[in-house]
């Protein structure tokens, strides 16, 4: 038991160190990391399906599985390029065609794979082949879609990427430590080693960690500014005027806590309040992603998705909660945080034809004059 603890601990520290190095290298390297993890997770899940059904010698199964992965990534990453790199695309005619007809091209690629699947159907194995077709698409939904949301969160600011991911990692580590030393009461049958002591200890530790970690990140533009691509320097930039979320404010301490803390007011960043919501989800709901993965593994009588990381299993074993967390963060941002983005709107306007831009200008000018914001021009 102690040997496994040391192996897990050392490798955890090693992975955290590599993660910090990639953060230092910048947003582009983080995007490549997300893509690499997505491909590996997809490979692990698809390989389980192949091992279970390999004796049937299904034609084209592996080739079609990877082909659909390419189609999915082409669609989502193409959407990202069109959304965030509009000015870069506008300067290159060959990319303009791909972006203009991106969805049609993506649909045509998918239809090609669909037709190939139909042509590969073999008598007496129809049901099995449709099982595997569904297996591939569910795997795409879990890996490709969720990793796309991770990158969308990253573009909102690295802090929206780091705090949720770090909260899940913190919860995983602290729940394991509390469970190791104090665990007595089983939590759920799907994961016999999970205990209520570890679950509760992980919750409080994660909320405290997220609150403190957010305080340090909120002080640096590198972490709080939206990630944008500068077409003039061909680099990702993280420079901005900090939004209200990252400006220190004074809050009144609730009367019940005033007696305990001895403070009437406290200064903190508004984002720290949001970090409590993120940490709470990471510690209370996030683990259900792990429970889901445990149920999946039990269904196919396997211990881990793979043996990529000694003592930890496969990549999917470590990121089963992260995908659920990514979806929550994306929904949270779109529901409670994100507002109109003038910079993004301007990029979209610059893509329009000159006569379309002029029409928008005239409409906007008329609207501002009606609102009394602009004065009508007086002709002499």
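Yeah, the Cβs are placed from backbone N, Cα and C, and that goes for glycine too.
The transmembrane segment annotation in TrEMBL covers 6-37 (among others).
Per TrEMBL, transmembrane segment is recorded for 58-77 (among others).
Positions annotated as transmembrane segment by TrEMBL: 97-119 (among others).
The transmembrane segment annotation in TrEMBL covers 131-151 (among others).
Annotation source TrEMBL lists transmembrane segment at 157-183 (among others).
Through the fold, the transmembrane segment (195-218) approaches residues 158-159, 162-163, 166-167, 170-172, 174-180, 182-187, 224, 245-246, 268-269, 271-272, 274-276, 278-280, 282-284, 287 of its own chain, all at least 6 residues removed from its boundaries and within a Cβ separation under 8 Å. Per TrEMBL, the feature transmembrane segment maps to 195-218 (among others).
The transmembrane segment annotation in TrEMBL covers 271-293 (among others).
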Which residues of the chain, 6 or more past the ends of the transmembrane segment (157-183), have a CB below 8 A from one of its CBs?
5, 8, 12, 16, 23, 27, 30, 150, 193-195, 197-203, 205-206, 209-210, 213-214, 217-218, 222-227, 238, 271, 275, 278-279, 282-283, 286-287, 318, 321-322, 325-326, 328-329, 333
Sort out for me which stretch, of 58-77, 97-119, 131-151, has the most Cβ pairs below 8 angstroms to the transmembrane segment (6-37).
131-151
